[in-house]
Amino acid sequence: MSGQADTATTAEARTPAHAAHHLVEGVARVLTKPRFRGWIHVYSAGTAVLAGASLVAVSWAVGSAKAGLTTLAYTAATITMFTVSATYHRVNWKSATARNWMKRADHSMIFVFIAGSYTPFALLALPAHDGRVVLSIVWGGAIAGILLKMCWPAAPRSVGVPLYLLLGWVAVWYTATILHNAGVTALVLLFVGGALYSIGGILYAVRWPDPWPTTFGYHEFFHACTAVAAICHYIAMWFVVF
């Protein structure tokens, strides 16, 4: 009986009606996706490659091997995050399975990006002990966040967004030390970038504003905030290294 049921299910899955249903769903996704969806992160990924390469090269040549390695970790995390996001949002995935796995990867890479952004600050702008503590917190939190996104992809935004925010504001506990070792400019840029990331995360969570749903919606505001915040943190890296 089980074999007959499986055969019936397979036959049903191959019917024209079933195929038409999937076609309609696919067309609906394409038509409802804002035209700007993903493009901000496409350009951000390309910019990150060029800007990151210059930062790593100069850090290694003029700074130190530690500066080169830490900025390399930061650059790799930034490029990967923007690339995965751009790929997920620009491609019209025909396979629901592939789309769901890319969504998990997209959300997971935000945790890697946060930890990667902290790495130069932790190893170059903090005392050795404090730096190790920060690295343990942010990378441990990143691993936990990745496991959450991979194992519980349907987790509500009220769970994921607060985790991003909590992990992103670890630097608050080391404000005085960062100010002393990296300077006021680096600290201001760090906090301005953090504020923009937080604002973007909140806009994503509440799905607002959404003024032009077919062109530039709330998700694009979120991506715009992350792009500008990344610029702030990139500039801050130069002050941390030099």
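For all residues, glycine too, the Cβ spot is worked out from N, Cα and C.
For 42-62, 67-87, 108-128, 133-153, 159-179, 186-206, 222-242, the entry in Swiss-Prot reads transmembrane segment.
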Proximity of the transmembrane segment (159-179) to the transmembrane segment (67-87), 3+ C-beta pairs under 8 angstroms: no
Cβ-Cβ under 8 Å with the transmembrane segment (108-128): same-chain residues at least 6 beyond its ends: 66-67, 70-71, 73-74, 76-78, 80-81, 84-85, 134-135, 138-139, 141-143, 145-146, 149-150, 163-164, 167-168, 170-171, 174, 177-178, 181-182, 186, 190, 233, 237, 240-241
